[in-house]
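Peer 1: Supplied in structure tokens, the structure appears directly below.
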């Protein structure tokens, strides 16, 4: 059922990558462009040179292969089965509860890694069996060949994975697409998904969606300094940082040709986000290139990773729309984590429109990749939420696994 | 002053292109994706193979070099001088008036070519001295290295080019960025730019810009069948076809890496537009690849061609905003051409908010690249507007050129 997985990118793919890096050419750049026009030329040149001459995928692969990872076949309704890759780290502690970690784009299952040691250990009367899949179309999972694989299917894929591991009830943590997918899970499987911790809070009164600037100006006045800064951040994201999103949600195949043929294209595409979406996180070149390489060498290819944007935007009847995930969902207890450099930072009153919010935390720093940027903070949140005296203590029945 | 220009792409650039085409790889595609997700895989594979093995840039170059083309140095305020390429075809007829043709993206000066023979001849008492530049950052013109080269500067470049050719008064034709640039010219130089023919009409009551869907639904009811279809087309462009625009207006450098490093990326990026923006126009592979090659081999590089989107969107004080060009401009007589497959097709009442509209034509077919798709129709419009009995006859002083 569950096959231990070894990442083994063929030599031919590594050679091919190097051939392309050898041929790489670069555009010019406007004087004083900084980060305003996108990824800076000096960064992309430096990272390309490092990728070509110093970065060792094989070394990274060896490290990645030390994680407890597996694959198993997961079939969702109306689609052929897919081979799904996941990390599974059970806890030996009797107070452990199942925790599903959902990554987003351009992240991966790697975002859970820094938290693994802490989550395994009992603290405040709780520990966690951690499950962190590569979503379909990402990392080492297969992707569907058929149209229409949307939020419903991503949620179903995660849910069936948890069920197949014997976790009839579980809790979740996620941001980016992890927000949308865990919200869809709470909507579709409230008997299983009992509580969700979210670090990207997408919530708003309907008028904000339709009239952002009026509503922003309108609401800026009564809010705290922190909330005002958050709205400026949200405004920046909507006005200056959303081109990739509009494009991926409408013409993923067109940009997909670029990300598939040119490693420099992929590097620039991702590095811009890794920089703009984090709070001065000190990325190392190895870290950046490992994240980019996971996309470059992914089983479904980098182009496929964009399809979720299209499918979630063109959701047909029976699907789960993004809008629905941003409205009240009653059955799932929510923990909301507010970080200042997240992409959308809403006032707390808006977050509370999502559902029964039982836990809120405000971080003084941190951005979009919360579990990766500040793992100790997310672990702290999870222990407070699910530990002794917390609002979700024993919300699912604990039990040790081997 | 105006040396004749010969396009002579170095062998090294052609070799580099071929090296990259040789290692081109392609993503997979969803079943039945067709054009919904962007450029289809089969098209890109076929065009790449043709580009690699059959297309002859040197043959195309020879043909292009038969056009009457020149370069001259044009300096706009606050920027260093740029070497500007342009086609200049004067008419020997005494009734000729100067006509500036403004291309857009992803077009080029080539869009004027099919009209050149007709425009040179006297007909209905008018003929035209045609000037068709490559805008800065396009084709065989240089591009600025400094930030802030926006609509004002593009307009100034065109205007100074006309003046340098001895054309103190002139008329214009254009769409896409040609719409915005000729509108800016009319705003800034009403003593010179006396009339403009426009084939992409961007006009609307302010509420459409802020509330497109409400306003569209609102307006659908009282309009003609043709106008309703036009609004549907406009809605398609806004909801499904604008990702490139949002991206290029915010992060042109990021996507610029892709367009510069991968010819397949550039091909897909442009071919999708050439297909979606035209009305079943029977593009030949040579035609497509010539258009793409002009970007690939352009003097400023393909990445630079995107900067106009950023600069026009981030226009500082003293600049000309896109919004301003979509409002009333009083001093320039307007001719509006409505084609069913243009990107924004507005009701005629909206078009009339742009300025003193003296000429309107409704085409039964045709799309965004009007002069290229239906040259005879645009020529007919120009003769209807500027010929004997037309609303702009004699608007600028006529005179033959050698």
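We number each residue from 1, going along the chain as drawn.
Each residue, glycine too, has its Cβ placed from N, Cα and C.
Feature table excerpt (TrEMBL):
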{"type": "ACT_SITE", "residues": "B:176", "note": "active site, nucleophile"}
{"type": "ACT_SITE", "residues": "B:309", "note": "active site, proton donor"}
{"type": "ACT_SITE", "residues": "B:368", "note": "active site, proton acceptor"}
{"type": "DOMAIN", "residues": "B:4-112", "note": "domain 'Epoxide hydrolase N-terminal'"}
Peer 1: Quick one: average pLDDT across the domain 'Epoxide hydrolase N-terminal' (B:4-112), no decimals.
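Peer 2: Overall, the domain 'Epoxide hydrolase N-terminal' (B:4-112) comes to a mean pLDDT of 98.
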Peer 1: Any idea what DSSP makes of residue B:309 (active site, proton donor), helix, strand or coil?
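Peer 2: Looking at the DSSP assignment, residue B:309 (active site, proton donor) belongs to a helix.
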Peer 1: Whole-number Å only: compute the distance from the Cα of the residue listed as 'active site, proton acceptor' to the Cα of the residue listed as 'active site, proton donor'.
Peer 2: 17
Peer 1: Which three-state DSSP class does the residue listed as 'active site, nucleophile' fall into?
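Peer 2: In the DSSP reduction, the residue listed as 'active site, nucleophile' maps to coil.
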Peer 1: Enter the number of other CB atoms within 10 angstroms of the CB of the residue listed as 'active site, proton donor'.
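Peer 2: Its Cβ has 21 other Cβ atoms within 10 Å.
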Peer 1: Where residue B:176 (active site, nucleophile) and residue B:309 (active site, proton donor) are concerned, what is their Cα separation in Å, rounded?
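Peer 2: Per the Cα atoms, residue B:176 (active site, nucleophile) and residue B:309 (active site, proton donor) stand 11 Å apart.
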Peer 1: Inside 10 Å of the Cβ of the residue listed as 'active site, proton acceptor', count up the other Cβ atoms and send me the figure.
Peer 2: 25
Peer 1: What number of additional C-beta atoms lies within 10 angstroms of the C-beta atom of residue B:176 (active site, nucleophile)?
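Peer 2: Step by step: centre on the Cβ of residue B:176 (active site, nucleophile), count other Cβ atoms within 10 Å, giving 24.
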Peer 1: Could you say whether, by DSSP, residue B:368 (active site, proton acceptor) belongs to a helix, a strand or a coil region?
Peer 2: coil
